Amino acid sequence: MKEVEIRRLLAANLLCALAIALTALLPSFFLEGFTVLGTHLTWLCVCSVCVGTLNVILHLVLKPSQSPKRSSFAQKISRFLKCCIYFFMSCILFHAIIVLYGAPLIESVTETFLFAVLLSTFTTLQCLCILGPNIQAWIRVFSKNGAMSIWESSLQITTVCSILGAWFGAFPIPLDWDRPWQVWPISCSLGATFGYTAGLIIAPLWIHWNRKQLTYKSR
């Protein structure tokens, strides 16, 4: 395993983590009264757009899953449209799952959907960037020993950390602490964000630590 590739992964992940930190700080200079808690829906939009855009740019620059076959312009357009459809379907699916787990069905629809968009940005968008709109590849990567590159291993870790963070973030909501961050979906979205950020940092460190045991073979 090349150390250079691990350094590229670390640099890309640190940029994504920095982007999340900046979404909490920079908008306050341009939007009056902006705070992560006070204007949480605005922050959800800003964070989703910034992280999503950066992931796409990093994928285009680093090309972690570049195919040896060249695609025609029509194939690229078709792939892009499929990715858009898959991302939208992911938002709808996450929204439905969140409601099934106890989120308000009719009330707070906007809040729930924006939280679903954030989760899709942390999970599905990364899958689309690295694996493309290929469900079989997604199933392979998230099966046991299914990763075929350090990027796919990082994808596994960040996705699981994001979902676990969102799940753990739901625990304080029913408690009678009466804190402003217990309002739906603040604690869940912050939990997902912290989980995703932790995954970004843990992934390259874990891969570096276990680089001698990791052997990626083409399937």
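Using N, Cα and C of the backbone, Cβ positions are placed for all residues, glycine too.
According to TrEMBL, the protein carries these features:
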- 9-29: transmembrane segment (TRANSMEM)
- 41-62: transmembrane segment (TRANSMEM)
- 83-106: transmembrane segment (TRANSMEM)
- 112-132: transmembrane segment (TRANSMEM)
- 153-171: transmembrane segment (TRANSMEM)
- 183-209: transmembrane segment (TRANSMEM)
Requested in this report: Examine the transmembrane segment (112-132) against the transmembrane segment (183-209) and state whether at least 3 Cβ pairs sit under 8 A, considering only residue pairs 6 or more apart.
Outcome: yes
Query - Positions whose Cβ lies under 8 angstroms from the transmembrane segment (83-106), at least six residues beyond its ends - result: 112-113, 115-117, 119-120, 123-125, 128, 132-133, 170, 184-185
**Report entry** Long-range neighbours of the transmembrane segment (153-171), counting only residues six or more past its ends (CB under 8 A)
**Finding:** 9, 13, 101-102, 115, 119, 122-123, 126-127, 130-131, 141-142, 147, 187-196, 198-200, 202-204, 206-207, 214
